[in-house]
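For 60-127, 161-200, 255-290, the entry in Swiss-Prot reads region 'Disordered'. According to Swiss-Prot, the compositional bias 'Low complexity' annotation covers 60-69. Under the heading compositional bias 'Pro residues', Swiss-Prot lists 108-124. Here Swiss-Prot flags 197-256 as DNA-binding region, drawing on sequence analysis. Annotation comment: Swiss-Prot describes 255-278 as compositional bias 'Basic and acidic residues'.
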Amino acid sequence: MSSYFVNPLYSKYKAAAAAAAAAGEAINPTYYDCHFAPEVGGRHAAAAAALQLYGNSAAGFPHAPPQAHAHPHPSPPPSGTGCGGREGRGQEYFHPGGGSPAAAYQAAPPPPPHPPPPPPPPPCGGIACHGEPAKFYGYDNLQRQPIFTTQQEAELVQYPDCKSSSGNIGEDPDHLNQSSSPSQMFPWMRPQAAPGRRRGRQTYSRFQTLELEKEFLFNPYLTRKRRIEVSHALALTERQVKIWFQNRRMKWKKENNKDKFPVSRQEVKDGETKKEAQELEEDRAEGLTN
């Protein structure tokens, strides 16, 4: 029952509640266990008295039923619990249309228990998954289409080692095309030297310079085998040894003003012996003439 209907007629409901109490229809005393229960109990008693007071007048109308419709109300706490609240959560009480107010509040039937959840299905849905990878969960596995065929895989670019592919910046990159795969080499793939940049000058230590000078005095021209030995002994590259000998031979020619450079030390000795022999012959010829 709405509070808008109860509050204006509270004085009449109070008188009707007193009349109902005198008639022997007492309200459940457990309503007054808590400090806020008298207000709730008084409202329920007033509502029950109003139904009895105005029920007969409402019965004269054909469209109105003789009894009020049922609507749920919160349950008062039992006498054993006091102000502690209800016995269980979710338990509600309903008020039927007829009967005394004390007997009208009955416990609603408990809701049916929820059925237990079904057991989880087996991982493979009853199908033996071990030994049958082709049909997992009852479905055929998808056939993967190869992205490349065997011929295309053979034609894929096989990148060489970075050290061998990079090479020196100043060297001709044509040999890179020969060593790499037969695929097309674009111009932007070739290593290019920076424009206007010169290679740094190589510096040699005193030990390296001394050993190179000794080798130059012994033989100004090195063979390929001897050049490899010298480069390994001095921790240099063959190119560095070759360039050093070229520069040293040019320096010797400028210092001696000679077009022909001695091939080896043996030729130098032979030249000296020839000069000495010529001088001796000249001295003998002078002695005979005198």
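Keep in mind that glycine also has a Cβ here, set from the backbone N, Cα and C atoms.
Per-residue pLDDT, averaged along the DNA-binding region (197-256), amounts to 90 for this model. When DSSP labels each residue, the DNA-binding region (197-256) comes out as 43 helix, 0 strand, 17 coil, counted as helix, strand and coil in that order.
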